[in-house]
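Database features, via Swiss-Prot:
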{"type": "BINDING", "residues": "Glu115, Arg116, Asp169", "note": "S-adenosyl-L-methionine binding site"}
Amino acid sequence: MKIYLKFKSYNKRICKLLQLFKLEHDQNCSMGLLINHNSLELYNRDNVNQKPIKVDFTSKKNHYRCHHFRRKNEVLYRVSGIKNSYFPTILDATAGLGNDAFIFSFLGCKVIMIERHPIVAALLKDGLQRGYQDKKIGHWLQTRLHLIVNDSLKMLEIPILQPDVIYLDPMYPFHHKKSLPKKDMQFFRQLIGHNYDSKKLLEVSRKLAKNRIIVKRPYYAKPLSEDKVNHIVTTRNHRFDIYQPF
């Protein structure tokens with residue numbers, strides 16, 4: 001895939017990632033990847049004031065959320081199916097930047113992320129590699145959070161993986177101006193695009209998951225399926241529709 005590549009400094013590890021995901025320099029591309037010392041960052045060349053995007057599992061935001069974790073306040077704990085000493089294996093079929101997958105892994109679940117877009121996969125892989133080396137979270141992150149680079153539909157149609165839970169967070173069209181995310185995330189969504197195969201993804205997921213399928217939706221969005229939603233958990237901005245397997 002073609003993208004503008006900018007090096008602040010040479011990094012052998014990141015150069016190997018660029019080769020692995022076949023990311024090649026294009027002088028005319030409006031999207032850029034910045035090799036910023038020890039991290040890989042996506043940025044908008046048309047708006048240099050826009051904050052670059054990177055996967056950082058050691059961020060202050062993640063640290064705060066983990067440090068202040070309370071079962072009743074953490075919606076991902078409530079929808080995950082965790083109970084006593086049971087920690088389900090979760091397949092995140094729409095990994096994105098890995099934010100929710102990280103929280104599931106922090107809660108004690110083994111999580112497999114699937115991402116098909118090579119640029120996003122490179123960002124995730126970079127974040128994982130740095131996270132694995134972190135002294136505070138690396139010891140458990142290495143055993144719980146992993147990435148498969150492939151198309152989710154293709155992976156789910158091959159019954160190799162047998163997760164307890166499948167988690168879906170498909171991109172959804174903006175409803176109105178008030179629902180717009182921050183500008184940096186709007187830029188990221190332009191890269192990913194809308195998940196037109198999300199209904200098919202849910203259907204296939206219900207044939208594979210052992211215990212439940214969780215679909216994260218904006219609060220205003222219709223359910224992804226016309227079938228009955230077995231359980232719903234709501235927050236201020238989102239709704240988590242839980243389906244039973246077929």
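Glycine is no exception: its Cβ is also placed from the backbone N, Cα and C atoms.
Sequence features annotated in Swiss-Prot and their locations in the structure.
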{"residue": "Glu115", "record": "S-adenosyl-L-methionine binding site", "Cβ contacts under 8 Å, 6 or more apart": "Ala95, Gly96, Ala121, Leu124, Leu147, Ile148, Val149"}
{"residue": "Arg116", "record": "S-adenosyl-L-methionine binding site", "Cβ contacts under 8 Å, 6 or more apart": "Val149, Asn150, Asp151, Ser152"}
{"residue": "Asp169", "record": "S-adenosyl-L-methionine binding site", "Cβ contacts under 8 Å, 6 or more apart": "Asp92, Thr94, Gly96, Asp100, Val215, Lys216"}
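Reduced to three states, the DSSP call for Arg116 (S-adenosyl-L-methionine binding site) is coil.
Residues Glu115, Arg116, Asp169 are recorded as binding S-adenosyl-L-methionine; their most distant pair of Cα atoms lies 14 Å apart.
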